[in-house]
């Protein structure tokens, strides 16, 4: 039944493993190749324990020899894809890149935020993956850039306010993001070791985080952006403190968010109500491709507080990539992404 | 496509929520009713955040008014099912009970380990759910007793050794089980509060744990059983220290476990090898219906150490119940239970 | 050598237990009484396991019968102290109240943020405990109000900027606080149960948090305040996003903070540098009375990001209370509070 | 007042940092030197955040140039001390080694369990540190070998039963130890990274753990020993399943443990009782030099279950080393080790 072949470059990393998991359960894709320089020849289950038994015959292979596939997902460190893009595009008609290499629109932005770009002519052609804001541009795209996790969480929270005209881009916006340890990737160094990383509230990239570029580019507004590492494994939670220029009611906000998301298969609202889980939480979406958004109004200081939560490995990375591939290739949009998540659950 | 109707009694608890999650994604079942005395009238998503959006129209209903369904899953505190069993059986041809009320075989055992039994005549008729050891007895069963989590983990680890004749029941067997906080259920009291429960290694029921009865009854051996609460949410891990009467080789052990499990869709082996995950771990099966078993041989003291790991909410409870219902009703055995789990993941 | 007697009202709660721990090791105090309505007659070690063996003869006693002591620490739920203050003051010349009942200055504030105040005439007389900002007012004080944890973290971060004139109170200030589960106290309900509380990033009191009143009252500025529960037990971390009206350099900031804190025995700076712990973190001060502050400058949006971290049970509660008592009574300021903390450590 | 000078070799590791913390607060010692090859010249606070501010002038220095001190604590990887012991003994009259290099009695044991020993003539002279079983041998000792964490936990649990004659060494004893992530040391590799290490119950060294040698050597009995990594940072918990040859009553057990420990300043009993903390738990002793032991009797299988809990960094390492030095040098035995621990607390 699987008519399309898929490859994963960088399959031994966390994101690569998540792609293997999603593709293995996807009704339309068959995994043709999973590359890993370090684990070449080893079984995928030896690195990703959830896959032991699932892919009994699948082994990592050498990234130098790419098989020809319908879709190639590339989960490589930033900077690799721009160097290897010709090889990737030779191997597959559709390339979905999960690094930052093709997310921004202009060479100037890469010069400001990264170390420049070696293939700037591809930037205009590449399509930002997030279907909730970019669905129309995806069908038939050759090169898709899956969004950054912190950027995705922030954009999902703020985009409806821009669309609905609640914000026009001139407002003060402060975004405080909390992220889990999987963002550091496999083998994250001393700061990621369990004794040092457990129980933290650790400011990192307190200013100048590169995802700021991605957010500002997509939303057309300047923001003040700070990240904190907290004790969870998966998850990104963005809290945006927004100060609209004029009066805004709860009704206006509900209208903006419902207008944006009520037909979206992967978006849910949580804005008050009863019980333990009243607002968006990473736990509520852990392991899933869902995003949650919610808000509260602070009349004392004319502030709107917007909460958004995703699983950074899913909606913020591998899930978004598969979602975008589904849309790009005209498949059922939710194929392979139906998992509803668990309760109770840790981060998970 | 869903041809069968299902009900869940006690649907606001952790196990009940897990049943709702599994049944909602199950290709053959439609949820007809989810009862909760405390949350009667509330949406299921208000209690189980993973289900917000998934069951937009499903609300908890009064357990006093049971709908007629094909299968009724009862996730009630111990002692309730034996009192209510006539009502449950009036409502459904097949009842799968997740409490301990119908697990043991004889009234005498309930008198020894519990407070007796009000319907002992049903004990012979009821079928223990665990398909790996009881598959033949399930088709057509009216009353199925889903196994206890700690008992399930232990039985899965030791049963192959009994079957293969490595153990005959006369040996010394010490079982040390580590469990997560979800075993305490929703609203677990002071000992389950986050400040008191985080980071623990806490002996509980150090002797006389009721699951001992279940294990001894099924395996036909006496054992020394002790549980510890550790810092995870889902998961039960059993380590059995076994002292066979005669010499046993690794080959004998592999043969015993392969013979028992190589055709089982939900069992995996992990016994040494390379990488981080060399033996069974709850993390490797978190959120799934898989069980993992493995072993090591200690030549210095003629000991076999057997490791087994499950998700207590899945293989140890709701997953086992759905698995058994699939077998009992002649459905595809893995229907609704294909989730492979996540990596990286917490407990989760 | 202990010349002074001390009593603790509400000694079975988390804060009360922390007071017992500090007073037991304090060179100048002897514990005369530890009251608890629920545990009357039980040993303190049966509730606070760290104290088993330490106070072999100390048992909780009835709060209705207060012993006469030199200092009485009252760790009761908000609203109790204002009702019982006469009894408390009859029992001790110096009362240090750890609730919110005497923190604010005016009855009007209690009407706005709480349910009013039954003894407003005492508000002027009571002294806010935090020695870093209120040291001069403490000696000889009869009624001391120990500060709230989130307020303390925030005030310690921002007060030096006010003092140094970097802020004049007209600026936009957004404060995002992350707190541990001990803030919920012993027996915190469903939301505090381990399965629901682990791994969270949970917005709570997203607007209208009562500590806002305390901060605004002490700093003389309006702020936008939001709290998130994260997975730690002890700790409060405040991140303040501040937008000064004019240009500010790193040198200005160092000068402001050094000027405020270089002679403070319990304040430390962490602002960049190398290694894993570059900014204030609750882990670095866990179990101690230290506060850490640090900052970063964001030239792109003229923002100062101020980080501050404390142990909510210590600097944010019991430690602050003992510190204030030391100052009030003319003792060595650091007596009983010298513990340096642990590394590695969880939250802890 | 500090009359004695102390040095720490390997001061940037977790154990070395713990030694610095203890020595800094110790009334009799002054830290003369803290060596670290990797951090030579850096401040100790840059590695150990709890010490920032505490040792403002203390920097790591080159381990090749040892200062002359009264006591030298060596926290080096196994194998280093036996090579460097002459240099260490030249630098200090008393050397307390925290590695395994001088724990066992005979060269034969090092050949069986390690890679042999280069200075076997020193093995007879060296004294095992644990004061509870070796107090008489410590005064005046030149070379003290601080015990291994898992061995210490196990020995503290079982030694009283040997002493009291409840065990004679011929019995079946199964010990199942649970340990925290700090045992892996700073920079523990992939298996210690937060995403892989959080929420685990991970069998490690399921058979053949080297601490088995240490335990068997000190207790004179064979045992079956298995370790599991669980989600805590500090802590080692040993559960021993013991099968005495004859009948044993609770009274016999209380007598054995009280006889052994009632005068010990760092030992506490916890055997049943009420409340959340009924048995020994690492949380109850986290950050302290206390050890807790307790037991339960299982009449159904003539088993005694013995629980013991320590902080592996303290009683299982640095605390034991300082305790032994206090005894060896005739100081107050509890000097510098009075910290009572925290409640609530994580692992911590």
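These residue numbers are counts, starting from 1, taken along the chain as shown.
Placed from the backbone N, Cα and C atoms, the Cβ positions cover glycine too.
Those TrEMBL annotations? Automatic predictions, nothing curated.
Noted in TrEMBL for the protein shown:
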type	residues	note
DOMAIN	C:5-141	domain 'Semialdehyde dehydrogenase NAD-binding'
BINDING	C:12, C:13, C:14, C:15, C:312	NADP(+) binding site
ACT_SITE	C:149	active site
REGION	C:180-200	region 'Disordered'
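Structure with TrEMBL features highlighted.
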residue: C:12; record: NADP(+) binding site; Cβ within 10 Å: 23
residue: C:13; record: NADP(+) binding site; Cβ within 10 Å: 21
residue: C:14; record: NADP(+) binding site; Cβ within 10 Å: 29
residue: C:15; record: NADP(+) binding site; Cβ within 10 Å: 26
residue: C:149; record: active site; Cβ within 10 Å: 28
residue: C:312; record: NADP(+) binding site; Cβ within 10 Å: 27
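Break the region 'Disordered' (C:180-200) down by DSSP state and the numbers are 11 helix, 1 strand, 9 coil. In this structure the C-alpha atoms belonging to residue C:13 (NADP(+) binding site) and residue C:149 (active site) are separated by 16 Å. For the domain 'Semialdehyde dehydrogenase NAD-binding' (C:5-141), residue counts in helix, strand and coil come to 46 helix, 29 strand, 62 coil, using DSSP. For the pair residue C:312 (NADP(+) binding site) and the residue listed as 'active site', the Cα-Cα distance reads 5 Å. Note: the Cα of residue C:14 (NADP(+) binding site) and the Cα of the residue listed as 'active site' are spaced 13 Å from each other.
In sequence order, the recorded positions from C:12, C:14, C:15, C:149, C:312 that place a Cβ under 8 angstroms from a chain B Cβ are C:14. Geometry remark: residue C:149 (active site) versus residue C:12 (NADP(+) binding site), CA distance 19 Å. Checking the binding-site residues C:12, C:14, C:312 against chain D with a Cβ-Cβ cut-off under 8 Å leaves C:14, in sequence order. In three-state terms derived from DSSP, residue C:312 (NADP(+) binding site) belongs to neither a helical nor a strand segment and is classed as coil.
Spanning the listed NADP(+) site, residues C:12, C:13, C:14, C:15, C:312 have a farthest Cα to Cα distance of 17 Å.
Here the domain 'Semialdehyde dehydrogenase NAD-binding' (C:5-141) returns a mean pLDDT of 95 for the predicted model.
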